[in-house]
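Asks: Once you've had a glance at the structure underneath, I'll fire off some questions.
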C-alpha cells in the first residue's frame with residue numbers, strides 16, 4: 001500500500017503532456033532555464049508563420065499574445081554568469097572577424113582556406129592585446145596632421161570656476177569634469193549634453209563613511225581638485241579640500257562611499273586599469289590605495305617630503321607620483337618600496353606614464369622631461385617648453401635656456417606645466433600651461449619632439465586623450481589648479497575639445 005500511495009503522489013505531480021507520461025514534463029527535460037524562457041509553448045512556436053518572424057516576433061504566451069524578440073533576448077541572457085557572458089562575447093567577436101576575413105577573401109578572389117583566416121585573426125588579436133597592455137607602442141604621432149585654420153579648441157561644457165580635472169571613459173563616449181566650485185559633471189562627448197552630480201546631505205555622507213570636521217556647525221568644503229573614472233566606466237572618484245575620497249556610481253550619479261584617512265587635501269586620483277582600485281595622493285605627503293568594490297582601505301605608500309601633486313597608474317600595481325619636494329617616485333605597491341628620481345626644478349607639477357618603463361613630467365620652470373626607469377635623471381629635457389619667445393631675451397638677443405629667470409617675467413605661473421598626458425599605449429603626448437598653447441609631442445627613442453601648438457586661452461589644468469587619438473580634452477580656467485598664483489581674465493572656465501586629424 002505504501003508503494004501505491006507513493007506512486008499516486010508522483011503521478012499527481014506531473015505537469016503538461018499526456019497523463020502518466022513524463023516525455024513532456026519540464027522536470028525531465030535537459031533544456032536549461034534560459035532556453036525555457038523563450039520556449040513558452042512548443043506547439044505555439046511551431047505554428048508561427050514566416051510573416052510573424054519577419055515582423056520581429058518569436059513566440060506567444062498562453063493567450064496567444066506575441067513577444068518581442070528584444071525582450072526574449074534579454075530574458076535569454078539574464079541568468080548567464082560572468083564567464084558565460086565573456087565566452088559569448090568572445091565567440092561573437094571571432095565570428096565577426098571570420099566573416100570579415102571571408103568577405104575580404106571573396107572580394108580579392110583568393111582561394112585560401114579557413115586555417116589561413118584563423119592564423120591572420122590570431123595575429124590581429126595578439127597585436128590588439130599587446131597594444132592594450134602597453135607591450136607594443138602604437139604609432140600615432142606621425143599620423144597627426146597639421147591643424148587647419150578652422151580647427152581649434154571649442155568649449156563643450158561650462159563651469160562657474162576653473163576646471164581642475166577631466167577624464168574620459170574607456171570607450172571615449174563620455175567625459176567627466178570637476179571644478180573648484182565643487183561641481184562634478186559628466187557629459188556626452190559628441191553632443192555636449194551634461195548631467196550634474198548632486199551632493200547628498202551630511203547625514204547621508206556620514207552613513208557612507210565620511211567624518212565631519214570641527215566645528216560641527218560648519219559645512220564641509222566641496223571644492224574638488226581631483227577626479228578619476230574606472231576603466232569599466234562604473235565608478236567615479238573625486239577628492240578635494242574635505243580630505244576624503246568620494247566614490248560615485250556613474251550609472252545613477254549617486255554617492256556610494258566616502259573614504260576618510262588623509263590628513264590634508266586630496267590632490268590627485270587615478271584608477272588602476274582593469275580593476276576597482278583607486279590611488280589617491282594628498283598634501284599630507286601620503287599615497288593611499290583603496291578598493292571600491294570591497295569599500296576598504298588597502299595600503300599606505302610613503303616617501304614624499306612635500307605635497308603630492310600628481311599621480312598616474314597603469315595595469316600593474318605601480319604608481320607614479322610627483323610633488324613639491326622636487327622628486328618623482330615610482331611606487332612598487334606590493335613590495336612597499338619605491339624608486340626616487342630627482343629633478344632640477346623646484347617643483348614637479350605633473351606626470352604620466354608613457355609605458356611601464358618611460359615617464360613624462362612637467363615642472364614649474366616650464367620644463368617637460370622624459371624619464372627612463374634605469375636612470376635617476378631625465379633622459380631628455382625640453383627647457384622653456386611653454387615660455388613665450390619674447391620672454392627671457394637678454395641684451396645680446398640670446399634666449400636664455402635653463403633654470404634662469406626670464407627678464408620680463410610678469411606672471412611666472414603662466415609657464416608652469418600644470419598638465420601632461422599621453423594617448424595610452426602610443427607615442428603621442430601633450431602638455432598644457434597658462435601661456436595660451438597646448439603642445440603636442442612625439443615620443444621617440446630617448447627624446448621627445450614638438451609637433452604642433454594648439455591655441456587655448458587660460459590655464460590648462462588637465463588633459464585627456466581619446467583612446468583612438470582622434471581628439472584631445474582640456475580642462476581650462478582662469479586660475480591655476482592649486483591656489484591663485486596667476487589669473488587669466490579672458491579665459492573661459494570649462495572643458496574644451498580639439499579634434500585631431502589622423503592620416
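Using N, Cα and C of the backbone, Cβ positions are placed for all residues, glycine too.
Please treat TrEMBL annotations as automatic predictions, because they have not gone through curation.
Taken from TrEMBL, the feature compositional bias 'Basic and acidic residues' covers 20-33, 89-106. Annotation comment: TrEMBL describes 41-54, 70-81, 107-119 as compositional bias 'Acidic residues'. What TrEMBL lists as region 'Disordered' is 1-119. Look at TrEMBL and you will find 156-197, 217-258, 259-300 tagged as repeat 'WD'.
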Asks: Just to confirm my parser: what is the rounded mean pLDDT across the repeat 'WD' (156-197)?
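Replies: It averages 94.
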Asks: Could you break down the residues of the repeat 'WD' (156-197) into DSSP helix, strand and coil, giving a count for each?
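Replies: Residue counts for the repeat 'WD' (156-197) by secondary structure: 0 helix, 23 strand, 19 coil.
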Asks: In terms of Cβ proximity under 8 Å, which residues at least six beyond the ends of the repeat 'WD' (156-197) contact it?
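Replies: Residues 221-229, 231-233, 236, 238, 240, 248, 250, 253, 255, 269, 459, 461-468, 470-471, 473-481, 492-497.
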Asks: Taking DSSP states H, G and I as helix and E and B as strand, how many residues of the compositional bias 'Basic and acidic residues' (89-106) are helix, strand and coil?
Replies: 18 helix, 0 strand, 0 coil
